[in-house]
């Protein structure tokens with residue numbers, strides 16, 4: 001028979017192992033996103049479990065977000081890891097987009113009030129665990145509060161832009 005404290009120690013060890021296992025499995029699943037079997041509308045592309053569409057008619061950030069919300073579960077695109085960033089980069093480059101910037105769902109609704117750029121978030125409320133700034137928006141002299149992909153970085157890195165500028169945009173939505 002085990003002493004009463006042994007059960008709580010063993011329970012704690014088991015819980016710790018299970019938590020560690022789930023974290024490790026989660027990391028592997030991000031690296032190998034299975035190709036989704038979803039049907040996306042004409043003019044959009046599937047990646048993971050979402051559809052992505054680039055719209056070339058320029059809109060302000062807010063109007064682009066509203067346009068994306070007309071699609072099921074739609075918002076301006078959130079870029080959650082480097083694999084998704086690479087997918088978006090090649091998608092935007094393939095279209096022959098002539099603009100220097102393209103809207104994504106990144107914005108700072110606090111207008112810089114949070115220290116160290118802490119106010120930036122995705123329009124669909126996805127958690128920001130991946131960062132890929134072309135320049136640090138909290139230290140720039142000409143700070144702006146809406147996010148875009150930058151042509152100078154091959155559409156891989158993010159740049160803060162004035163929200164009222166009209167740019168092409170990428171929507172991410174369910175198929």
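Cβ atoms are placed via backbone N, Cα and C, with glycine included.
Residues annotated as Zn(2+) binding site in Swiss-Prot, with similarity to another entry given as evidence: 107, 121. For 40-51, 68-171, 146-163, the entry in Swiss-Prot reads disulfide bond, with the evidence type sequence analysis. The domain 'C-type lectin' annotation in Swiss-Prot covers 47-172, and the record cites sequence analysis as its basis. Under the heading signal peptide, Swiss-Prot lists 1-26, citing similarity to another entry as support.
Following the DSSP three-state reduction, the secondary structure of residue 171 (disulfide bond) is strand. Fewest other C-beta atoms within 10 Å: among the recorded positions 68, 107, 163, that description fits 163. With the fewest other Cβ atoms inside 10 Å of its Cβ, the least crowded of the disulfide-bonded residues 40, 51, 146, 171 in this structure is 40. Take the CB of residue 121 (Zn(2+) binding site) and look out to 10 A: across all protein chains shown you find 19 other CB atoms. Straight-line distance linking the Cα atoms of residue 107 (Zn(2+) binding site) and residue 40 (disulfide bond), rounded to a whole number, equals 26 Å. Taking only the Cα positions, the spacing between residue 121 (Zn(2+) binding site) and residue 68 (disulfide bond) is 17 angstrom.
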